[in-house]
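Shown next, in structure tokens, is the structure this report addresses.
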Amino acid sequence: MVAADFIEQLLNGLTLGMVYVLLAAGLSVIFGVMDVINFSHGELFALGAYFSLSIIAPFGAGTGFWIAIVVAPVAVGLIGAAIERTTVRPLYGRDPLYHILLTFGLVLVINDVIRLIWGTQQRQLAVPEYLSQPVSILGVQVSVYNYFMIVFAALLAVVTWYLLNRTKYGMIIRAGSQDREMVRNVGIDIDQYYTLVFGVGAALAAVAGIVLGGYQNVNTGMGNSVIIPAFVVVVLGGLGSFRGAVFGGLLVGVVQTLMRAYSGSVLATFGDTTLTVPNLEGLTVYLLMIAVLLVKPQGLFGTRGEESDGEGEILVGGYGGILADSTRVRLGGIAVVALALAPIAILFMGDQYYLVVLNEILIWAIFALSLDIVMGYAGLVPLGHTMFYGVGAYTAALIMLHYSQSVFIVLLGAILICAVLAWVVGSLSIRVSGVYFAMITLAFAELLYSAVFKFDFTGGSDGLLGFEALLGLGTVGESLSNIEFGLLGYELGQQFVFYYLALLIAVLSFLFARRMMNAPFGSVLQSIRESEERAEFIGYDVNRYKRRAFVISGGMAGLAGGLLAVSPSTVIISPDQTLNWIHSGEVIVIALFGGMGTLYGPMIGSGVFFGAEEFLSSYTDQWRLIIGTMFILFVLFVPRGIVSIPSLVAQRLETANNADGAVDMDEPDVRSDD
């Protein structure tokens, strides 16, 4: 009986693993050939499942399923090819960060298109009845569909391998992944093959979405739920390795299934001692991912070195413009005064909800500022930056519940805990660079996200609630919720008090960061961003500077998380609210919107992002679609952010004036004969 149960779980693991193989194969091939980290791959996966729903509906499950499994991947493949031609291609030669940013914008767009067309209700993808029948083999009874998924995915993987390794097209694609310029020099338009690769990768993701949709269900969050495990698969097997994607997919699928089935099970009993399987469900794969990245960053089957990840540079916002430094300082002062007076204006508007929005903007402004230190100045891209924001929020809530409600003690505790965490994570993460650094920080963040669900003291999936902050020291002070006073006949309360506290902390955080970045420390970070090898050659301890930047950044992100917990609008701190990987993407979006490497740019970006969200969401449910499109356009055409727009305008004006001058000089002298 035990053996039969184990075989059944193993079959379930292989079933899930083959889905990961299809998903990761496309993801890995796209990176291996094009150096593109495609976060929209999960949404293309979901798009395949939703297309299948529409195809199956008129034909029925018997015929429609087989039509869908052919037509839907072709449709998604064509969409993928169009995405590559219109959005990805202009970014070749830039830092891989911009591919991550672009595809994150595509996540917002595609997900909202799915919501617009198919709605948000969860659905079941109908499969032929004969595939749903149970079958018993060696005493193990599972659905025929399980065997179909394993065999079909395996055949498709073999065909993909054959096309890559035994055909002329595959040879050209593999040659292009090694040396693009060499392929171009022999007269081959490698860009056309890139379009083909992206389209095929999207089609493979669509097939994975279809077969998993028939096995589980179809919902708008399915793309988000599989993209991180897919990256785990790719990293374990090796970025760019098809063989690694197959091995990693099967490994992750089997490990996830077995840990889910046997966590907490009794292994053996010795007298009064019982040995059980540790409850590591959701943790094991991330521990494996971290271990592989530290020991062999290129993965178990990868052959590419760390330094091959892209050749472009991160474009920062501060590179001159039509505004002098003194003018920018004056404008900054005016902005602070305007923010200080904003609550007065809100009083006359009569709707204090806008004050809640401003509080959120200030919290995320500090969060984005913390990211700019490590990304805009040090050139590191932490895809797991939300771990510090989340840990800061949880630390603050736990301190309020068990130790002190003082705002100042709570925020100090959040900063210290996150700074220590950043030192540990940073010390390990800076051993790798480029895309591998981004991936290992993502793994640490997902590890913490999964761990929070395991412990009672963190509230598990329910989160923490029942905490309240005091404006004072120790146990002496006034609860924020009880503070009320009058001004000009209006009653002011907790939101106003918190707003000015958050504004003060945001201004002080900016001044602290600016002082640090204007000091020699900041100059060294910028030199590391421009050329790590050059900085090391002239004698700087590069890892020490990167670690310090990571600690400062982590502590400041923890401060933002602590403010979230202290905010009167916050009644609960939960994992999805603070530790979900999507928040790392959002804060990167905000930083680029404003302008990286400027400190004030990401803070402006926070206002633009949440202001646009608030404005658009009041008029349409498809606000993510609009913001995602705006962001894609920024990545393509204004990569240095909003703060660079004055410089762009100045350049255009100068170009136009020069062109007019040239026309005047070349204009012929037409004389009259009269």
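The first residue you see is number 1, and the count goes up from there.
Cβ atoms are placed via backbone N, Cα and C, with glycine included.
Curation does not apply to TrEMBL; its annotations are automatic.
Annotated features, as they stand in TrEMBL:
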TRANSMEM  18-37  transmembrane segment
TRANSMEM  44-60  transmembrane segment
TRANSMEM  66-84  transmembrane segment
TRANSMEM  193-215  transmembrane segment
TRANSMEM  275-295  transmembrane segment
TRANSMEM  361-380  transmembrane segment
TRANSMEM  409-428  transmembrane segment
TRANSMEM  435-455  transmembrane segment
TRANSMEM  496-513  transmembrane segment
TRANSMEM  549-567  transmembrane segment
TRANSMEM  587-611  transmembrane segment
TRANSMEM  623-643  transmembrane segment
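With pairs at least 6 apart in sequence, the transmembrane segment (549-567) and the transmembrane segment (18-37) have fewer than 3 Cβ pairs within the 8 Å limit; the two do not touch.
Remote same-chain partners of the transmembrane segment (496-513), defined as residues 6 or more beyond its termini with a Cβ less than 8 Å from a stretch Cβ, comprise 336, 339-340, 343, 355, 358-359, 362-363, 365-366, 369, 372-373, 407, 411, 471, 480, 483, 552, 556, 559, 563, 566-568, 599-600, 603. Count of Cβ pairs under 8 Å against the transmembrane segment (361-380): among 44-60, 193-215, 587-611, the largest is for 587-611. Among residues of the same chain six or more beyond the transmembrane segment (549-567), those with a C-beta under 8 A of the stretch's C-beta atoms are 359, 362-364, 366-367, 369-371, 373-374, 377-378, 380, 382, 385, 388-397, 400, 407, 410-411, 413-419, 421-423, 425-426, 429-430, 467, 469, 480, 498, 502, 505, 509, 513, 516, 525, 573, 578. Within its own chain, the transmembrane segment (587-611) has Cβ neighbours under 8 Å at 100-101, 104-105, 314-318, 328, 332, 357, 360-362, 364-369, 371-373, 375-377, 381, 383, 385-386, 389, 506, 510, 513-514, 517, 526, 529, 627, 631, 634-635, 639-644, counting only residues six or more beyond its boundaries. Count of Cβ pairs under 8 Å against the transmembrane segment (44-60): among 66-84, 193-215, 435-455, the largest is for 193-215.
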